[in-house]
Amino acid sequence: MTMITDSLAVVLQRRDWENPGVTQLNRLAAHPPFASWRNSEEARTDRPSQQLRSLNGEWRFAWFPAPEAVPESWLECDLPEADTVVVPSNWQMHGYDAPIYTNVTYPITVNPPFVPTENPTGCYSLTFNVDESWLQEGQTRIIFDGVNSAFHLWCNGRWVGYGQDSRLPSEFDLSAFLRAGENRLAVMVLRWSDGSYLEDQDMWRMSGIFRDVSLLHKPTTQISDFHVATRFNDDFSRAVLEAEVQMCGELRDYLRVTVSLWQGETQVASGTAPFGGEIIDERGSYADRVTLRLNVENPKLWSAEIPNLYRAVVELHTADGTLIEAEACDVGFREVRIENGLLLLNGKPLLIRGVNRHEHHPLHGQVMDEQTMVQDILLMKQNNFNAVRCSHYPNHPLWYTLCDRYGLYVVDEANIETHGMVPMNRLTDDPRWLPAMSERVTRMVQRDRNHPSVIIWSLGNESGHGANHDALYRWIKSVDPSRPVQYEGGGADTTATDIICPMYARVDEDQPFPAVPKWSIKKWLSLPGETRPLILCEYAHAMGNSLGGFAKYWQAFRQYPRLQGGFVWDWVDQSLIKYDENGNPWSAYGGDFGDTPNDRQFCMNGLVFADRTPHPALTEAKHQQQFFQFRLSGQTIEVTSEYLFRHSDNELLHWMVALDGKPLASGEVPLDVAPQGKQLIELPELPQPESAGQLWLTVRVVQPNATAWSEAGHISAWQQWRLAENLSVTLPSASHIIPQLTTSETDFCIELGNKRWQFNRQSGLLSQMWIGDEKQLLTPLRDQFTRAPLDNDIGVSEATRIDPNAWVERWKAAGHYQAEAALLQCSADTLADAVLITTAHAWQHQGKTLFISRKTYRIDGSGQMAITVDVEVASDTPHPARIGLTCQLAQVAERVNWLGLGPQENYPDRLTAACFDRWDLPLSDMYTPYVFPSENGLRCGTRELNYGSHQWRGDFQFNISRYSQQQLMETSHRHLLHAEEGTWLNIDGFHMGIGGDDSWSPSVSAEFQLSAGRYHYQLVWCQK
C-alpha cells in the first residue's frame, strides 16, 4: 500500500492528476463484479447479498473553482456552505459548473499532461455506520463504479487512495480506516486530469460521482478473481466450461474450490479441486490459482436470438465443505471466431444489426438506472437491432448483465479517445502514456470477460494508430484469444484490428483522404491480400432528419457475405433539459449552458429523442434490418428467415390486398421457418377490382404472444408490392355549368356557385379562394425551391466557419433563398367547359435567372382546379432542395387524411419502411419535433390529400404544419417555435433526398438529387 501523509496540502502538492504514470494509488486489482455471498443458493439465484451495501443516496457536497481552494478542515467535518446532492449524479445537473458539449476540440488548453489551474473540484462527504461483524473479521472494500475524472479518497480524515479512468470501477480496501460507530468518507473529485486527454469523446463533458458507490465485505481468505470460458467440439454437441479461479489471503492445504453449473433449478455439472495450477514454466505453477473443467453434453447455446443462460457458482470452502464465500455469474455457451473472412458465432456468419449507444439521460446526464437501460434494450430488440457498441467507454456493469439476459451482442470499448490531438496518435504512440492506456484496456477485459454478450473488444475510438495500440492488441490476444479485437483508428485496417471497421465509409464512393483513405466498403473487401470481415463501427449518421440511403447499405450487406453489417451512429439524442423563467422544460444542446468551446446541436444524432421517443428514421432501420425477407412470384410469397438459430415459433404472416387503402381480401398463415430456411405461401386467387386505383399486397409478420422484449401483437417485419391493375378509365362527368371569368385591372376572378378564385395579374399568383364569404388562403400559392435546412444540409458550416461545399451554403450563395419571381406571363381564357389561367415566372437573384416556372390552372364546372407545373432549372445553379408549391391555408383542421406512403414521415431516400394506405392522423402528428428545427414531416407517393374543406389529388409529396419553412429556418430550438395563423401546406412534385451517410459532407446520393434540367408535375385541387 502506498502511504501518503493524510493532509490535504501534501496530497495536492503531488499533483497526481497531472502525471500519466500515476493512474491510481492503492486501488485494488480489477475483477468481475463481486457479491461475496455466504450462501451458495443465494448466489445461484442472484439474490441480494448481505455483504454488499449501497452507499447511493444523499451526500454532502461543496464545489470549489480549484482543488487548492478547498480548506483543510473539510477532511474532518462538513463545510458550512455544503449542500446535499444525490449520488450518483453529475454535479452540473445540480447547477454547479456548466456541462460542456464538444466533439473533437478539447474543452481545455491542450498541454498534456497538464490541466488548467482553474480546475472545478467537487468535495463529497458521507457519514455511515458499519456492521460490527465487518470490523471484527475480513476485508471491507469501497467500490466507486464511475467518477469523472479523477479523485482522492479519505476515510475518517486519513488518506486512502487515488483513482482515475471515469468509466471503470475504482475499488479500495477500507479495513484499516474504519472504526466502530460512525465513519466519514471524504471524496475530492477533480473535473480535469491528465486522464481527460484520453477521454475526448463526442459527448457532454460532465463531472462527479455518476455511478454507484457500494461497500463490499469479503472474508480474509477470499476469491480474488474468476474467469469462465466455453469450448466446443466441431458440431457444438459437447462443451467444456473452463473456470479459472484465483484466491488471496492465507493459502492453506484444506482450501477447495467448487464450481457448479446450473440451468434453472437443475445442476448440470460440478467439480472440486484444491488450489495449484498446471506448470507454467521451469519455476512451476501458480499456487493461488486453479482451473476446473466441466463437461456439458448438448449445451443450449447462447445467442442474441436465443439468449440461453446457465449460472456458474464458484464456492471457496474448506475440505470438510464449510463455505467461506461464493461468487457467481451467468454463463452463455457460445463461440466467437473469425474464419474464412467471416465473423462467426457458433459457426454461423453474423450480420450485425448494430447501433452505437452513449450513456445519456436528459434529466440525469450520464447517470444510468436499470429502468433506462432496460428501456433501451427493449426498443433495440423491438426495432430489429441485435448488437450495440459501447461508445466510447465501458458501460455501467449492469448493462452487460442485461445484454446477456435479453440478448444483444456487445462491442466493449476501452475509454480511450484522443480525437483532438494533432496528430491524433500523439499520445497513443508515446510510451509515457502506455501505462494509462494499459489500465483502461486491461481492467475492462478483467471486469467484463465473463459476459457472453461481449463478442468483440475495442481498443478505443479515434485515437490514431500508435505503438501502444499494437501492444494492447497483443495483450488482449494473449489473455483472451476467444474474442476478436477491433479498432478503427489509423485507417480501420491496421495491424491492431481483426476486423476492418471503418466509420462512415460509403457503399460505392471512395474518400481518398491523405494517409488514411476511406475506401468504399465494396472496394475494401477486394484490396490485395485483404481477407478480414468488414463491419462498420459507425455509419448512417442519424442527426436530425437523416438516415437517407440506409437501404443501400443493407442491399450491400446482403449481397456480399464479408460485409457483415455495422453500428448506426447513434442511439439517443444527447439533449439536456433546462427550464425557462416560468419553469417550463426545454431541450438544450451545445452552447445553451454558456459552454465554450461547443459544437452546437452535433450532440443530437440519435434514432430516438433523449426521452426515448423514436425518430421516424428508427422505423426505416427496423424495416431494413428485419429478420424475414420476402419475394413475390405470381401468387406465391417466399419467406426467408435470416435468423441463424431461431426457428419461427411465434409468428403469423398477415396478408391483405387493398385498392387505394380499401381492403379487398386478407388472410393469415402461421410461419414455420427453420433458421436460414424458407417457406412458400400460396395465396388464393386475388380479386381484380373494376374501379381505378392502386392495388397493393401487404404482408406483415406479427408475434401473437408476448416475449421478454415485446408485447403481444408486435409487428417484426413487413413488405408491400404494387399489383397490376386492370385498365379502368373513368370519364369525368360533363358539367353544363361553366365558371364565370371576370377581368379587372388587377385581377382575374373566376366564380362558380359559392366558390371563387382570384389571380393577381401583377404577381401572377393565385391570391385568394373563397367558399361563400370565407377566405381560404392567408398567403398566395407560389413556387417553392428551398427547405428549412437539415443538419445534413448544414454540415459543419456555421457563422464563424463557413463550409462552401455544404448544401445550404451553395443554395445561399446561388440565391435560392433570396430569389424573387419576375412575372413573364399571366393570361386568362374561357374554354368550352372551363376557365384556363396561364402564368410564367422567372425566379431570379441579382439579375440571374435560377428557375422558370410555367403553370396552368384549369377550373371546370365541377369546381376542380387542375394545376400543371413545368419548371426549368438553370444549368449553373445548385440542384434545388425541392420543386413544389406552398401556401398558408386559413383553416386549421384537427386531422389530416391522405392516400399515400405513411404513416411516419418519409423522404425519397428514406421510404422503404413506409406503406401505401389511407392514413388519418392528428395535425400535430404530421410534425416531427426535432430539437433543432428543420424541414420535417414529408409524406411521399401521395395520391390524395384531404384537409378541412380541401382535397388535392395527383402524384406528389406533401407536408402540412403550423410552422412555416421560414420560421423553421430561423429558429434555433423547437420550444421557441410558435404556431402560426392557419396551416402551412407544402406540395412538392419533387423533393431532394435527405442523405445521412454522414452529416458533415454532402451525402445525398446522385439518384436522389434534383439534377434534371426540366420537371413536370400536376395535381387537382378541389373544395369539398
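In case you wondered, yes, glycine gets a Cβ from its N, Cα and C as well.
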Which of Asp202, Asp212, Asp997 belongs with Phe602, Asn605 in the Na(+) site listed by Swiss-Prot: Asp202
Mg(2+) 1 binding, same site as Glu417, His419 - Swiss-Prot member from Glu439, Glu462: Glu462
One of Asn103, Asn295, Asn298, Asn906 listed by Swiss-Prot as binding substrate at the site of Asp202, Glu462, Glu538, Tyr539, Ala540, His541, Asn605, Trp1000: Asn103
Candidate with the highest Cβ count within 10 Å, taken from the binding-site residues Tyr539, Phe602, Trp1000: Tyr539
Among Glu462, Glu538, the most crowded of the recorded positions [Cβ within 10 Å]: Glu538
Other C-beta atoms that fall within 10 angstroms of the C-beta of Asn103 (substrate binding site): 20
Integer Å distance between the CA atoms belonging to His392 (site 'Transition state stabilizer') and Asp202 (Na(+) binding site): 9
Maximum Cα-Cα separation in Å among residues Asn103, Asp202, Glu462, Glu538, Tyr539, Ala540, His541, Asn605, Trp1000, which the record lists as binding substrate: 18
All-chain count of other Cβ atoms within 10 Å of His392 (site 'Transition state stabilizer'): 25
Secondary structure at Tyr539 (substrate binding site), reduced by DSSP to three states: strand
Nonlocal residues around Glu417 (Mg(2+) 1 binding site), in sequence order (Cβ under 8 Å, 6 or more apart): Leu198, Glu199, Asp200, Gln201, His392, Gly460, Asn461, Glu462, Ser463
